[in-house]
Amino acid sequence: MYPAHLLVLLAVCVSLLGAASIPARPLNLYQFGNMIQCANHGRRPTWHYMDYGCYCGKGGSGTPVDELDRCCQTHDDCYGEAEKLPACNYMMSGPYYNTYSYECNDGELTCKDNNDECKAFICNCDRTAAICFARTPYNDANWNINTKTSC
């Protein structure tokens, strides 16, 4: 083998090792964000819901601070139920990694019939949460709170 070929092979191996250490990201987070934007007609950016109260964002504990935070708690619970479904219980098929089919028409969200059992369940979790977000007041004081003292 030529030295140049060895260098290319080494570079590819190093790149693959680096890629293996990148944490997996939820694939349907983008879809959920689009559902939120559909339901609220783009009035509030999706990232405003990523660090709100005790349940909106990563994790969740304690008592929800308001109705919007309860929407997030319900969404977390819904994902927990999805993880118990046999159809959602195989590698990369759970609520955070499974994508689904849906439609948005003038703020109305519809989960499509071509979703399998797991995708349909997850889609309905996201749809219900997005509708809840759209109808519930947003309190700026509950964004980026100290969850250790407030939850």
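Please read every residue number as a count from 1 along the shown chain.
Cβ atoms are placed via backbone N, Cα and C, with glycine included.
Quick look at what Swiss-Prot lists:
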ACT_SITE  H75  active site
ACT_SITE  D126  active site
BINDING   Y55, G57, G59, D76  Ca(2+) binding site
DISULFID  C38-C104  disulfide bond
DISULFID  C54-C151  disulfide bond
DISULFID  C56-C72  disulfide bond
DISULFID  C71-C132  disulfide bond
DISULFID  C78-C125  disulfide bond
DISULFID  C88-C118  disulfide bond
DISULFID  C111-C123  disulfide bond
SIGNAL    1-27  signal peptide
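Shown here: features listed in Swiss-Prot, placed on the structure.
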{"residue": "C54", "record": "disulfide bond", "Cβ within 10 Å": "22"}
{"residue": "Y55", "record": "Ca(2+) binding site", "Cβ within 10 Å": "25"}
{"residue": "C56", "record": "disulfide bond", "Cβ within 10 Å": "24"}
{"residue": "G59", "record": "Ca(2+) binding site", "Cβ within 10 Å": "9"}
{"residue": "C71", "record": "disulfide bond", "Cβ within 10 Å": "25"}
{"residue": "C72", "record": "disulfide bond", "Cβ within 10 Å": "22"}
{"residue": "H75", "record": "active site", "Cβ within 10 Å": "23"}
{"residue": "D76", "record": "Ca(2+) binding site", "Cβ within 10 Å": "17"}
{"residue": "C111", "record": "disulfide bond", "Cβ within 10 Å": "20"}
{"residue": "C123", "record": "disulfide bond", "Cβ within 10 Å": "25"}
By Cα-Cα distance, the member of disulfide-bonded residues C104, C123, C151 nearest D76 (Ca(2+) binding site): C123
In three-state DSSP terms, the structure that C111 (disulfide bond) belongs to: strand
Integer Cα-Cα distance in angstrom, C38 (disulfide bond) to D126 (active site): 12
C54 (disulfide bond) - helix vs strand vs coil (DSSP): coil
Rounded Cα-Cα span from C71 (disulfide bond) to C125 (disulfide bond), Å: 10
Using Cα positions only, nearest of the recorded positions to C56 (disulfide bond) (H75, C78, C104, D126, C151): H75
Lowest local Cβ density (other Cβ within 10 Å) among disulfide-bonded residues: C38, C78, C88, C104, C132: C104
Pairwise Cα distance for C151 (disulfide bond)/C78 (disulfide bond) [Å, integer]: 20
Of the recorded positions listed as Y55, G57, G59, H75, D126, the one whose CA lies nearest the CA of C111 (disulfide bond): D126
